[in-house]
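Participant: Mind having a look at this structure? Questions to follow.
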Amino acid sequence: MFKFNEEKGQLKCSFCGKTQDQVRKLVAGPGVYICDECIELCTEIVEEELGTEEEVEFKDVPKPQEIREILNEYVIGQDQAKKSLAVAVYNHYKRINSNSKVDDVELSKSNISLIGPTGSGKTLLAQTLARILNVPFAIADATSLTEAGYVGEDVENILLKLIQAADYDVEKAEKGIIYIDEIDKVARKSENPSITRDVSGEGVQQALLKILEGTVASVPPQGGRKHPHQEFIQIDTTNILFICGGAFDGIEQIIKRRLGQKVIGFGADNKAADLEKEDLLSKVLPEDLLRFGLIPEFIGRLPVIASLEKLDEEALVAILTKPKNALVKQFKKMLELDNVELEFEEEALSEIAKKAIERKTGARGLRSIIEGIMLDVMFELPSRDDIEKCVITGATVTHGEPPRLLLKDGTEVSQDKTSA
């Protein structure tokens, strides 16, 4: 089992072949030996490779303007929110590159709060940022979280989702992005601290404080509740960027009251009342979030506040057609695979946008509307090889009329034949 030099009967390094007399130290393993020189060489190789990986990962963080330009390819509108996010994300990863200290000045982490109506693009913005930076990304729902000791999800399970997104590479996960949705749903029900514990509100905010600020958290590998004698994954949250989003329904009334109070004399209330909801959201301050029900410590962990506008008909039509992965482009590609050209008339796009506004679902509801319109088309057309083009009209959207189908010779299929 031992490796001997046959001539002198000495032990030798299994890697370089030097004898124990030719090296300073020989470390024994199960049936093998390695000398101090080979150990030093291996250490240098490993450190060099790991160092190179680290440099490649965050050496070329896009500049804020570049980040916004890429966001423009996937997300329509919300220019002010994009600008705020681009600066915050750039500063965050610049801080990581500098190891959090520059000339003994410690750089604090700036997590982000996104405030905007349902379907305005909060989740999509966060997802796109993670894609731009090529970092792990996880989405969590704040409504499912409870503080320790109550039935529900522990806040550490948020971190488990990020670790899973990084294929259990903890070091990679420690530089990822977590988007916590519906954060407004864990607001305290009143401005005054409650004597009894608020399981779904203040308690969750308290539980989130540590991981938002930066701590070494113990995460159960299989999720669920912690229990004794269980192994944990240790993860440092110092460099994880947290983006918390919510609709914050009713906060515009709080902002309106604050603006009204600051105007002295006649017309004070009118000035605040005339402001549209989107304008009010753009004027949100930390004190408004405090009155809404977030605790001061929690607001302090989210120093960057970005507000999103409600999407109008024009913006929703643009969302349907302009982004790289726009829904209309996706459905066109689906029918193209069946050798059928798909066309949406302008009136059809406008009616789809109007339906989304009526349902108050914003951009989030666009896919379900189009899926409903396209169901019969996608069911029937794969079985037909005589159709060249399918045209979705305004009447198709509003009254459920069949789309116009054109044959390869240019003639239009009658509606009777289509429904047959």
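Each residue, glycine too, has its Cβ placed from N, Cα and C.
What Swiss-Prot records for this protein is below:
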DOMAIN    1-54  domain 'ClpX-type ZB'
BINDING   CYS13, CYS16, CYS35, CYS38  Zn(2+) binding site
BINDING   PRO117, THR118, GLY119, SER120, GLY121, LYS122, THR123, LEU124  ATP binding site
Participant: Taking the center of the Cβ atoms of PRO117, THR118, GLY119, SER120, GLY121, LYS122, THR123, LEU124 at the recorded ATP site, which other residues in this chain have a Cβ no more than 8 Å from that point?
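Facilitator: Residues close to the ATP site, other than PRO117, THR118, GLY119, SER120, GLY121, LYS122, THR123, LEU124: GLY116, GLY245, LEU308, GLY362, ALA363, ARG364.
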Participant: List, in sequence order, the residues of the same chain other than CYS13, CYS16, CYS35, CYS38 whose Cβ lies within 8 Å of the centroid of the Cβ atoms of the recorded Zn(2+) site.
Facilitator: SER14, PHE15, GLY17, LYS18, VAL23, LEU26, TYR33, ILE34, ASP36, GLU37, ILE39
Participant: Using Cα coordinates, what distance in whole Å links CYS16 (Zn(2+) binding site) and LEU124 (ATP binding site)?
Facilitator: 55
Participant: Give me the count of other Cβ atoms within 10 A of the Cβ belonging to CYS16 (Zn(2+) binding site).
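Facilitator: There are 13 of them.
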Participant: Where does CYS35 (Zn(2+) binding site) sit by DSSP, helix, strand or coil?
Facilitator: strand
Participant: So among CYS13, CYS35, CYS38, all listed as binding-site residues, which is physically nearest to GLY121 (ATP binding site)? Use the C-alpha atoms.
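Facilitator: In terms of Cα distance, GLY121 (ATP binding site) lies closest to CYS38.
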Participant: I want to verify one value. Collapsing DSSP to three states, which class is GLY121 (ATP binding site)?
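Facilitator: Note: GLY121 (ATP binding site) is coil by DSSP, not helix or strand.
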Participant: At a 10 Å cut-off from the C-beta of PRO117 (ATP binding site), count the other C-beta atoms across all protein chains.
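Facilitator: A count of 20.
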Participant: Round to the nearest Å and give the CA-to-CA distance linking PRO117 (ATP binding site) with CYS38 (Zn(2+) binding site).
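Facilitator: CYS38 (Zn(2+) binding site) has its Cα 61 Å from the Cα of PRO117 (ATP binding site).
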Participant: Would you report the average pLDDT that the model assigns to the domain 'ClpX-type ZB' (1-54)?
Facilitator: 75
Participant: If you count Cβ atoms within 10 Å of the Cβ of LEU124 (ATP binding site), leaving out that atom itself, what do you get?
Facilitator: 19
Participant: Using Cα coordinates, what distance in whole Å links THR118 (ATP binding site) and CYS38 (Zn(2+) binding site)?
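Facilitator: THR118 (ATP binding site) and CYS38 (Zn(2+) binding site) have their Cα atoms 60 Å apart.
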Participant: Counting other CB atoms within 10 A of each CB, which of the binding-site residues CYS13, CYS35, CYS38 comes out lowest?
Facilitator: CYS38
